[in-house]
Ligand SMILES: Nc1ncnc2c1ncn2[C@@H]1O[C@H](COP(=O)(O)OP(=O)(O)OP(=O)(O)O)[C@@H](O)[C@H]1O
Ligand SMILES: [Mg+2]
């Protein structure tokens, strides 16, 4: 589909697109800017855009007062761990639903998705009690398992849609060409599914990284990830906007950087494979 | 070698009996075409032979050995799919080499065979492209290349040309026929295209609702259809069927006469022209014959006959097919 676009129309479109993008990204930009301001200038009225005294003191203070790095490691372990654990369960599940569907496969998929519609607080108390009994409260392993379970329906759905895209004909062609199950998976299935698996992994790391209900409610110190780090910062230090901004920037920076470098995969992931 | 025998082969999907029972003998080197209306089980039968579906009952023998329980990889057959089913992540070269790689050939042997196949199929210039960068006809050739490299004992084709345009279909049809003459390997070819069936086949198998209606050479089926179904299915335009008094005169329940076996100008039948289509070389005329009904006639070209004309028709008495109450041919 191609339409003639006049240079003026193009300029207007570009301008509009940039304005919308800036508007949406503004809170984040503002947070980042504020994080480099001295505390008094951070709350100055009228607000100062760029002409303030740039400083990294806030970052040093944040690291001194609360060990950022420990939260960061927890976030990494929990988000990557829960995603990998999820894959181990979701890959066989999605394979079987995509390639050997049963009479109830569709219902099963809908039911799994429906669990995502339920408010999480509804199961907070039972899960909290189970965690106390099992001694999982404030442990990385406990949180990893919970986040895996929370995101499992999405992982399975995404993988299922990717696997569905692989035409059964091609797998049959491989069988006709003399491939056994091992060769079929190794040389044909996996290479064709890798982009789908990669975007699933990326999206789920982000979802797990940003998850703040369970991470805040089920941790105190040892297993607390960056979400708990910001939350903990906002209450006692609530009025120190610059430090709070520095803490927030440090919490979102890793995931923003990762997202930036994997944009292409992510877009594919977010559209559930609809865009090729 | 490529001799295939089906003995009382049956296939059901749950409660649906798609193939209620088929016996078929395919000789080595034969070009066999399965034809039949959509949904009659042509693909299913082919996939049973390929091993892509398990038989519900019966036996499939390949070169005298029982292959019923063998996985597709071990049957030594090659298949060309309607969708081509090329590996999208591999180059043309890798696609064609894949069966050789699976067979454990060395890289050098693979390269030699791939180059030879590519030369035969005019693919040499495209060896380093991916399937996505090829036209439909080229993809079809790659699929055929992938099938021929490992010298299977038989080729299975499932409507391989149905995604191509009319002109390309004719070319590829001829290429496949030539390939068969060169390789002399058994080919089983599924189509619902009359012309493909008539021009390519040594033997046509007419299927209807999972049963074999008749097996024979194209001309056998044209000249002596066993029943109403085959008579109506083979030949284009379709055979005219007449019941009632006219049929009774021939001591039959139904008589059939092909449109090309009716003379125009004189004769016992008289009727009004409802429609006349002039194709230049041929004319197709639809006539409402008095006391008989609608009859389609295929006459010569450049005929001055138009809608509303009264004309006389003369069916060729030798070419009238007679059928009994059950639709079986009376010989
Ligand atoms: N996996 C399946 N499960 C249930 N029914 C099936 C399955 N595959 C095929 N069928 C049914 O079996 C019948 C024969 O299908 P088949 O694909 O063999 O027809 P065909 O002759 O190849 O038709 P076409 O000319 O349209 O390709 C159809 O009625 C179809 O609905
Ligand atoms: Mg079919």
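Heads up, the Cβ atoms here are built off N, Cα and C, so glycines get one too.
Marked as domain 'ABC transmembrane type-1' by TrEMBL: A:72-262. Taken from TrEMBL, the feature transmembrane segment applies to A:12-33, A:71-96, A:117-135, A:141-163, A:184-207, A:213-233, A:240-261.
Nonlocal intrachain contacts for the transmembrane segment (A:12-33), taken as residues 6+ away from its ends with a CB within less than 8 angstroms of a stretch CB, comprise 5, 49-50, 245, 248-249, 252.
Segment contact is absent for the transmembrane segment (A:240-261) and the transmembrane segment (A:117-135), given fewer than three CB pairs below 8 angstroms at sequence separation of 6 or more.
Per-stretch counts of Cβ pairs under 8 Å to the transmembrane segment (A:213-233) identify A:71-96 as the leading one among A:71-96, A:117-135, A:141-163, A:184-207.
Residues 142, 146, 150, 213-214, 217-218 of the same chain sit 6 or more residues outside the transmembrane segment (A:117-135) yet have a Cβ under 8 Å from a Cβ within it.
Same-chain residues lying 6+ beyond the ends of the transmembrane segment (A:141-163) with a Cβ under 8 Å from its Cβ atoms: 77-79, 81-83, 85-87, 89-91, 93-95, 97-99, 109, 112-113, 115-116, 120, 127, 131, 134, 193, 195-197, 199-200, 203-204, 207-208, 211, 214-215, 218-219, 223, 225, 269, 272-273.
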